[in-house]
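Visitor: As listed in Swiss-Prot for this protein:
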TOPO_DOM  31-381  topological domain 'Lumenal'
ACT_SITE  His42  active site, nucleophile
CARBOHYD  Asn92  N-linked glycosylation site
CARBOHYD  Asn133  N-linked glycosylation site
DISULFID  Cys159-Cys370  disulfide bond
CARBOHYD  Asn167  N-linked glycosylation site
CARBOHYD  Asn177  N-linked glycosylation site
CARBOHYD  Asn191  N-linked glycosylation site
CARBOHYD  Asn197  N-linked glycosylation site
DISULFID  Cys212-Cys310  disulfide bond
CARBOHYD  Asn267  N-linked glycosylation site
ACT_SITE  Asp287  active site, proton donor
CARBOHYD  Asn322  N-linked glycosylation site
CARBOHYD  Asn331  N-linked glycosylation site
DISULFID  Cys345-Cys349  disulfide bond
CARBOHYD  Asn374  N-linked glycosylation site
TOPO_DOM  403-423  topological domain 'Cytoplasmic'
Amino acid sequence: MAGRQTGWSQAALLQFLLGMCLTVMPPIQARSLRFVTLLYRHGDRSPVKTYPKDPYQEEKWPQGFGQLTKEGMLQHWELGQALRQRYHGFLNTSYHRQEVYVRSTDFDRTLMSAEANLAGLFPPNEVQHFNPNISWQPIPVHTVPITEDRLLKFPLGPCPRYEQLQNETRQTPEYQNRSIQNAQFLNMVANETGLTNVTLETIWNVYDTLFCEQTHGLLLPPWASPQTVQRLSQLKDFSFLFLFGIHEQVQKARLQGGVLLAQILKNLTLMATTSQFPKLLVYSAHDTTLVALQMALNVYNGKQAPYASCHIFELYQEDNGNFSVEMYFRNDSKKAPWPLILPGCPHRCPLQDFLRLTEPVIPKDWQKECQLANDTADTEVIVALAVCGSILFLLIVLLLTILFRMQAQPPGYHHVADREDHA
C-alpha cells in the first residue's frame, strides 16, 4: 500500500507540475504565412513591332502592336483564380484595400494584365456588386511614367557603368564565338525580313513577331521553317543572358535586378518587424523584369519567362518566432509553382541568411555605382576646383574691402598711443 501510495503521489505531482508549466509558458505559435510578394509577366500580346517584309502589319492586330489580347486577359484571370485558391485563408475572400497593393509598369498590357488578374483574385461579394449582372469590381493599380520607372522597367538606364559592362561582354569569347557561329544565319534573316541590322541583341524582335503570329494562327513565310524558328528561339534566350549575365553577372545585377531585389528585401524585412498591411504586394511587369530579378538571385533557368508567369516570395513566421523566405516560380498553368532555391540556402531559407546571401548584388548607391571611374575622379576634381575658387574669391573680396576702408580714412592728425596709454 505504501509503494502504491508513493507512485500515486508522484504521478499527481507530475501532473501538477505539467499544469503549472502550461499555465506559465506561452503557447507555441504554429508556423504562419505573414506576407507575399508577386512579380508576374503580362499575358499574351500582339507583337511589339514587325519587319519590313512581313505581310502582317499593325492593322492586322485589333488593338495594334504590343497590346494585350483576349487570350492574355484569360491567362491572367486564371492566374488570379489560382492565387485566390493558393492564399485562401490568408487573404480575405473579398477585396480589402488595406491587404493588397498593386504596381505596374506604365504599359497598356501590364496595366490590363493586373486588372484581369485582380478580377480573378477578388470577384465581388454581394455587398461589393455595383451591378447584379456584372461579376467584377474596380481595384486600383498604381504606376509611374515609363521615363521615371526605376523599379520595374529593365534594363535600367541611363547607366554608363552598365553600358561599359555590356561593351566588355561583347568582347568575351562566348559572345564572339556565338556571333561567328551565327553570322551567316543572321545575314539570311536580314535578307528575308528586310531588316538592315540583325544582331545577337536584336534577333529577339524577329522571333517575337513570328511567335506571336504563329500563336494566333497566322501562316508563317516559307523561310521561317520549324528549324529556323527553333534557332531564333535559342538566340532570343541568349539575348536575355547578354543583358544580365555572361560577364560580371554580380556587377550587372547591382545595376539592374538588384535594384528591384533591394526593394523586395526591404519590404520583407519591414513585414518581419511590424504587423502592418498589406499582406500582398504585386508587381505587374515584363519578361525582362523577371530575368533581371532571377539573374540577381542566381535562379534563372535560361529560358524566356512565358506569358503570365509569376515569381513568388512568401514570408513565414516559424513556430520559434523567427522568419523564413520561400520562393516559387509558376511558369506552367497546369502544374503547381516550382520551388526556387537560393544558392547556399535551403528552400525554407531563414530571412537573415536570405539577406546575407543576396547582399553582394544589392547596390548601396545606384547613381554613384552607375558612374565610370574616370567620371567619378573628374567630378572630385571639379568639386575641389570649385571649392578652391570660392575660397580665392572670398579672399579677394576681403582684401578689396580692407583696401577700400584704408583709402576712405580722412587725412590729418591721428593720435599715436605711447607707452603711458597702455600702462
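Each Cβ is built from the backbone N, Cα and C atoms, and glycine gets one as well.
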Visitor: Find, for the listed disulfide-bonded residues Cys345, Cys370, the residue with the lowest Cβ contact count at a 10 Å cut-off, counting only other Cβ atoms.
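Guide: Each of the disulfide-bonded residues Cys345, Cys370 was scored; lowest Cβ tally within 10 Å is Cys345.
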Visitor: Could you tell me which of these glycosylation sites, Asn92, Asn267, Asn322, Asn374, has the fewest other Cβ atoms within 10 Å of its Cβ?
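Guide: So among Asn92, Asn267, Asn322, Asn374, the glycosylation sites given, the one with the fewest Cβ atoms within 10 Å is Asn374.
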Visitor: Of the recorded positions Cys159, Asn177, Cys212, Cys349, Cys370, which one sits closest to Asp287 (active site, proton donor) when you measure Cα to Cα?
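Guide: Going through Cys159, Asn177, Cys212, Cys349, Cys370 one by one, the closest to Asp287 (active site, proton donor) is Cys212.
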Visitor: List the residues of the same chain that sit at least 6 positions away from Cys212 (disulfide bond) in sequence and have their Cβ under 8 Å from its Cβ, in sequence order, or write 'none'.
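Guide: Listed in sequence order: Arg45, Ser46, Pro47.
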Visitor: Would you identify the secondary structure of Cys349 (disulfide bond) according to DSSP, in three states?
Guide: strand
Visitor: At a 10 Å cut-off from the C-beta of Asn177 (N-linked glycosylation site), count the other C-beta atoms across all protein chains.
Guide: 10
Visitor: For the glycosylation sites Asn191, Asn197, which Cβ has the most other Cβ atoms within 10 Å, all shown protein chains included?
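Guide: Most Cβ neighbours within 10 Å: Asn191.
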Visitor: How many whole Å apart are the CA atoms of Asn322 (N-linked glycosylation site) and the residue listed as 'active site, nucleophile'?
Guide: 34
Visitor: So how many other Cβ atoms are close to Cys159 (disulfide bond), meaning within 10 Å of its Cβ?
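Guide: Summing over all protein chains shown, Cys159 (disulfide bond) has 19 other Cβ atoms within 10 Å.
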Visitor: Specify the nearest of the recorded positions Asn177, Asn331, Cys349 to Cys370 (disulfide bond), where nearness means the distance between Cα atoms.
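Guide: Checking each of Asn177, Asn331, Cys349 against Cys370 (disulfide bond), the shortest Cα distance is to Asn177.
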Visitor: Drop a 10 Å sphere on every Cβ of the recorded positions His42, Asn133, Asn167, Asp287, Cys310 and tell me which sphere holds the fewest other Cβ atoms.
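Guide: Checked His42, Asn133, Asn167, Asp287, Cys310; of these recorded positions, fewest Cβ neighbours within 10 Å: Asn133.
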Visitor: In which DSSP state, out of helix, strand and coil, do we find Asn191 (N-linked glycosylation site)?
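Guide: Reduced to three states, the DSSP call for Asn191 (N-linked glycosylation site) is helix.
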Visitor: Asn92 (N-linked glycosylation site) to Asn374 (N-linked glycosylation site): how many Å between their Cα atoms?
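Guide: Here the two Cα atoms are 54 Å apart.
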